[in-house]
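K.L.:
Mind having a look at this structure? Questions to follow.
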Amino acid sequence: MSREEVFERLHEIFWDVFDDEDIRLTDATTSDDIEDWDSLEHINLVVEIENQFGMKFTMGEVHEMKNVGEMVDIIIERATK
Amino acid sequence: MAITSLKFFAFLAVIYLLYCLVPRQKRWFVLLGASLFFYVVCGSLRLFVVTLLQILVAYGAAIRTDKQQREGVSTKINTAGILTCLAVLFQIGALLYYKEMNFFVTNGNILLHLLGKESTLFLWQIVAPLGISYYTLSYIAYILDVYWGVVSPQRNFLKFCLFGIYFPIMISGPITRYQEIEQDLYAGNRADYQGFCFGLQRILWGLFKKLVIADRMAPIVQEIWSGDFYGWCVLIGVLGYAWQLYMDFSGCMDIVLGASELFGIRLPENFNTPLYATSLSEYWRRWHITLGAWVKDYVMYPILKTKGLQTRAKKWKKKFGKKMGKKMTTWIGLFFTWLVVGLWHGGAWTFVFGSGLFFFLMIIGGQILEPIGKWCIEKMHIPTQSFGWKLWQRIRTFVLFSASISFSWSASMKDGFRMWARCFKPTNLSSLLPLASRADWFLLVIGAVIVWLISYGKQKEDVRMYVAKKALPVRWILYLVLLFAVLICGVYGPGYDASSFIYGQF
């Protein structure tokens, strides 16, 4: 799965979770850039990504992901396994 | 040895000197020795056995789990998972036994009474090991983090012991995660000149908050709560207690973080100017941060990620709509958060109820009433970015927070409700004045203004850096004013018990 494909699917997930189609993601996007991205929405987002990509984040990754770029790295890593 | 006592500062000075004299790679030994000494003086050698056992379990389980996972033995049984579970259960068991046993006994007796049984369970005489409420959470975090691959285990047992009993955090936390202090703890760095000054300033600031404000406020609050005060006076007592608690706990944290800074070890912050929170959920993120983050990462997230809850969430989303379904799942997570926070604070229903009230108000205000609030703001054309509106939000948040923790301080649930009932009777505010001298009231007001100014400054930039940039005489005048304020205006003397930090009891 290419990085572009992951971003494309992530955009849809983010739009759906945060109800905002104006969200534009980059590698550097963090929770500070999206108004409703608090700790509670973070877990909803993680679960939605897991469902859509058919993969699992470890709890360590859930805590440690610092931005969307890291999230994409993990998704690609899992997809190639 | 209270951390506001001269003894503690003499101890700190000796340890600091030794720390500087010893070669860099051996400095952590000094800290380990100091931590053991502190533990024995403030706690007891007998109870150290319990702490040591908890350390051994955390240490051993982490190494074993890491080994299992690196070897990647592919069996149907998740040995690493089972080991982690057992180690965590052991830590929880130790915490429950030492902190909650009498809570269970008391409730057992109530249950027996309700069932019409005559037998009574006796309360246990249990003395808890020093800092068990704080360090146990750190050990649990460590065990789980190793299992989740967030951190590599510490293989040197003595080094791990230092993490386990590092003396500044044994009184009231902060709840520290291994990876947060791992590098600093063993590096043997000591603070440079600026770091040293920053550490001392922070200690002084903490002493000011504790000795000048919190301990001056304490007898007034005590009097209001136990005396015949009504109406607005009760509300002031409730707000006063929240203010006293904030000054007491954050003052303690300033002393702890400042002391640790002298050894070049930066501990995680526990407060981020909570007075500036505009909602209860924001307050939760700014108050006792390390506990909030711990509960979020090790209780709420794992629960919300469970298969069972996710299946339920899907059903709720279908039935009640996406937004409401998501909210309902979140409430389940918040329910467990509330339960853990309430129980952790003490074995009494007052704490559980107080914590529950906080989360209940958070859900009601932040999630259920939010659409109504937004509608009102739109209709009334309220400028939400204006100073007045922000101020109103901050005051409202502090009042709601104060109301919820007021139960935690009540001797019983009945007392808590009785006190709130007194709130609805008419009274004269001037009846509060005789509770303290004019000088005390003046100092409390001045103290509050200074704290507010510092909090305001912190929103803009690092206050300590701001002071550091000032000319030498200006800096020293500030330091001396603070020092003399503590020495002259601090509440101590015969009969004063400096050891009674409110959060020390948890």
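Here the Cβ of each residue, glycine as well, is placed from N, Cα and C on the backbone.
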K.L.:
Looking at the candidate ranges B:80-98, B:346-364, report the one that TrEMBL labels transmembrane segment.
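P.N.:
That would be B:80-98, per the transmembrane segment entry in TrEMBL.
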K.L.:
With the transmembrane segment (B:432-455) as the reference, find which of B:122-144, B:229-246, B:476-496 contributes the most Cβ pairs under 8 Å.
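P.N.:
It is B:229-246, which has the most Cβ pairs under 8 Å.
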K.L.:
So which residues does the transmembrane segment (B:156-175) touch in its own chain, when a touch means Cβ under 8 Å and the partner is 6 or more beyond its ends?
P.N.:
3, 28-29, 31-32, 34-36, 38-39, 42-43, 51-52, 54-55, 58-59, 130-131, 134-135, 137-139, 141-142, 181-182, 185-186, 249, 252-253, 256-257, 259-260, 265, 267-270, 289-291, 294, 501, 503-504, 506
